[in-house]
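Listed in Swiss-Prot for this protein:
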ACT_SITE  Asp7  active site
ACT_SITE  Glu66  active site
ACT_SITE  Asp138  active site
BINDING   Asp7, Asp138  Mg(2+) 1 binding site
BINDING   Glu66  Mg(2+) 2 binding site
Amino acid sequence: MVILGIDPGSRITGFGVIKVQDNKIYYVASGCIRITEITTPKRLKQIADGITQIINIYAPTEAAIEQIFMFQNPMGAIKLGQARGVAMCTLAINNLEVSEYSAKQIKQAVVGTGGAAKSQVQHMVQSLLGLSKKPPEDAADALAIAICHYHSSKSLAKISGASRVSQKRIK
């Protein structure tokens, strides 16, 4: 199984790709899609193009994305929602089923506490994947999303008789 994690953002969208084989997690790739365009439609297209390129290179079999969180600034929430929507649509266009996780779920799965700091997430991602250095924040978050998805799907698979459809309902 190859899992693509996406940490959507209006300026930087992080991505992380892991491979799971024999219940072991292996690092494949990670990075950031840095948005350089000025107009909103071109910014959103840049996100879609970047994710499409990642899908074409790494051929993920599953995808996961962070759920939207509360914003004090309504415009910030709208921009993040647009980026997230484009990311989810691009994944769906490429026939990837998309699972969603809250920031708390992701931190809990990777660090062991839902209130973990960004630096703790970076450190645990580095440790779990055997990386020589901490990945950048957005890439670390995306890798953490992929790791969370693996742990979540592994746990759900243990539930006797849980099909892919019923697993989605359990969430």
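Glycine is no exception: its Cβ is also placed from the backbone N, Cα and C atoms.
Asp138 (active site) sits 11 Å from Glu66 (active site), taking the CA atoms of both as reference points. Around the Cβ of Asp138 (active site), the number of neighbouring Cβ atoms within 10 Å comes to 23.
When secondary structure is read from DSSP and collapsed to three states, Glu66 (active site) falls in the strand class. Of all the active-site residues listed here (Asp7, Glu66), the one with the fewest other CB atoms within 10 A of its own CB is Glu66. Counting only the Cα atoms, the space from Glu66 (active site) to Asp7 (active site) is about 6 angstrom.
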